[in-house]
């Protein structure tokens, strides 16, 4: 498969500003799906040790100086994979003569407006896409969120957005949504794996407290969560995720006077659903606060 962007093909260079875990997951996913080849990938990292680690994996275009990398690839596709806290520091050294084909930002809490204002090489013909994958990108099961600002004046914008979508699909699924919904969607898709790990750990702890071995408890808990989620997503289960309430499946598991409904009663008594809901709201609001601080 080749990557077609306008008249360009697989010769297009993909430049990753930041070479941490998320960048590594995205790059490996793209390679696995034959979306882009190693010689068309460039990465900037902070230390010589990190650079050597990338080179040992077969990547020759590795830089410890972001400015040097961007000057080497002034018309590539840029993927920004740095922490939002260091965004200002990083962009302060970027060359203004760069003219990327388009930009993909993988930073939480940095809205499109801020990106447009602070990136020195953005012009009226630049498409910026916000993308938020999650930790499961490393195994190809991310639930990613994506948004962009539609502009009919930008030539080939739909082509760029489709390319970004295919890029995201290399590591899982992606939902294209309006930016006003990006932060709550990011809370669910990006942050919830941490809470799910906590839930699975709690399930295992409960079973261990009742005498089950730790290894068996962890395997059973993890597989139970995977199976439950797959039932919601799998059309063969007979459940339509878009039109049916999740409670319908919950009700099928709860026999009258049985063990499961007793567990449900206890969870409700302790505010289970309220706690999850508030976690999503708090995460979304934190991203809003980050956006406000970065726009100053």
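Note that Cβ sites are derived from N, Cα and C of the backbone, with glycine treated the same way.
As given in TrEMBL:
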type: BINDING; residues: 17, 18, 19, 20, 21, 22; note: NADP(+) binding site
type: DOMAIN; residues: 15-109; note: domain 'Pyrroline-5-carboxylate reductase catalytic N-terminal'
type: DOMAIN; residues: 179-289; note: domain 'Pyrroline-5-carboxylate reductase dimerisation'
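A 10 Å cutoff on Cβ-Cβ distances gives residue 21 (NADP(+) binding site) a total of 11 other Cβ atoms nearby, all chains included. In sequence order, 16, 23, 24, 43, 45, 81, 82, 106 are the same-chain residues whose CB sits within 8 A of the CB centroid of 17, 18, 19, 20, 21, 22, the residues recorded for NADP(+) being left out. Sequence-distant contacts of residue 17 (NADP(+) binding site), defined as residues of its own chain at least six apart whose C-beta falls under 8 angstroms from its C-beta, comprise 44, 66, 69, 70, 78, 79, 80, 81, 82, 90.
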